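Asks: So that we are looking at the same thing, I have put the structure below in structure tokens.
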Amino acid sequence: MKTAYKIIDKLVYWMFLAGVVSGIFMTALVFVSTLMRYLFNSPVHFSNELAGLLFLSITFLTIPHVLNIDRHIKIDLVVKKLPSRIKNPVGVFASMVMIIFSLVFIYESWGFMNFSRLISSRSDISGILLWPWMILMPLSFVMCVVVKIKHACLFRGADEVNRLVVEEKS
């Protein structure tokens, strides 16, 4: 099981790094396009389209890793004020909401991507094929579900270890 957890961790980390590289490339593209526009009066015509697609990459490639390391946006102010006995059920509820949202998002974005693939949808100016970029949306949330399941297994395993420790002390 630990091997599976490590594979998940590595996969979402590599997705995160790909998102970071996309961000660096997007920044460089916008910088070069701006220089070309104002210094040489010759903008890179496809830069806005590609920058948008790279932004999509940044967003969806980084979500699973951020979720995996528990650095996502959450309402700590509310959670910290809850009594200890209520924190776990609230956490389980939040995880279930995330999984349900992810499953709906996977279903909808897969259909969106598949339709784009069927009609060979391309960007307006440069003709970039769009469905390979769109597949990042369902892929990202599939990995989010996998990460949430991994966290649930780790949490359950920690509860089992705690129960055994308490039984040994008794």
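Even glycines carry a Cβ here, placed using N, Cα and C.
Annotation source TrEMBL lists domain 'Tripartite ATP-independent periplasmic transporters DctQ component' at 26-151. The transmembrane segment annotation in TrEMBL covers 12-38, 50-69, 90-110, 130-147.
Looking at the shown structure, can you explain where the listed features end up?
Replies: Sequence-distant neighbours of the transmembrane segment (50-69) (same chain, 6+ residues past either end, Cβ-Cβ under 8 Å): 8-9, 12-13, 15-16, 18-20, 22-23, 25-26, 29-30, 33, 123, 126, 128, 130, 133, 136-137, 139-141, 143-144, 146-148, 150-151.
Tertiary neighbourhood of the transmembrane segment (90-110): same-chain residues 74, 79, 82, 134, 137-138, 141-142, 144-145, 148, 151-152, selected by CB-CB distance under 8 Å and a gap of 6+ residues from either end.
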Asks: Same-chain Cβ contacts of the transmembrane segment (12-38) under 8 Å, 6 or more residues past its ends?
Replies: 44, 47-48, 50-51, 54-55, 57-62, 64-66, 68, 140, 143, 147
